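A.B. asks: After the structure tokens below, expect a handful of questions from me.
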Amino acid sequence: MNIKSKKTRIISHVGANDIYSFDKNERDPETVIAQFKSLTDTLKEKTDNAVIIGILPRKIENWYYLEQAKKINNKVKIMCEAKGIKYLDFWYKFTDRSLFARDGIHLNNLDETKVPSALKVPENNEIKKTTGSGGVHVSIPTKASTPEAQRPQTPATPISPTPATQRLQSGNSEHRILRSQI
């Protein structure tokens, strides 16, 4: 599906679970960067109005994760600038540990609203949001009165979790791993 329109904005926030692993050799940051390249290529092909939100810090203190997240964010920012995709750095908006669920990984339900509010998006039914795999994927009409804004959105499709994601999410059945269809 192509969305070559300024009326719909595709926002992607992914990558955190891919680098957060108990075995730091399990997920190479270069693999995550290659996945971001694929994502930015797809976004550029499908829409003229895409936004990527950088990886956020986690409540759980892990020096390796923080260093890799910053490294990946820097490379993804450069990649987005080269492709004309807007990149948002919310690193310092999410440093308060109280924003996270008890697992220390995912945003708590109340504070997931900070993402749309940081984007200055109204919180209503015009926002399609799926969460999982460390990501928040949001499709937001830029003008609520457009016919596109009133059409039902395509549901997200389940994907298989990585071994690291399975370990992190074991025992927490409230999270589903989803990927938005673009």
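From the backbone N, Cα and C atoms, a Cβ is placed for every residue, glycine too.
Automatic prediction, not curation, is the source of TrEMBL annotations.
What you are looking at is a predicted structure, and each value in this text was computed from that prediction instead of being measured.
Pulled these features from TrEMBL for this protein:
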DOMAIN    9-109  domain 'SGNH hydrolase-type esterase'
REGION    126-182  region 'Disordered'
COMPBIAS  152-166  compositional bias 'Low complexity'
COMPBIAS  173-182  compositional bias 'Basic and acidic residues'
A.B. asks: Please give the average pLDDT for the domain 'SGNH hydrolase-type esterase' (9-109) in this predicted model.
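C.D. replies: Across the residues of the domain 'SGNH hydrolase-type esterase' (9-109) the model's pLDDT averages 83 on the 0 to 100 scale.
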A.B. asks: Treating G and I as helix alongside H, and B as strand alongside E, what does DSSP give for the domain 'SGNH hydrolase-type esterase' (9-109) in helix, strand and coil?
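C.D. replies: Secondary-structure composition of the domain 'SGNH hydrolase-type esterase' (9-109): 50 helix, 15 strand, 36 coil.
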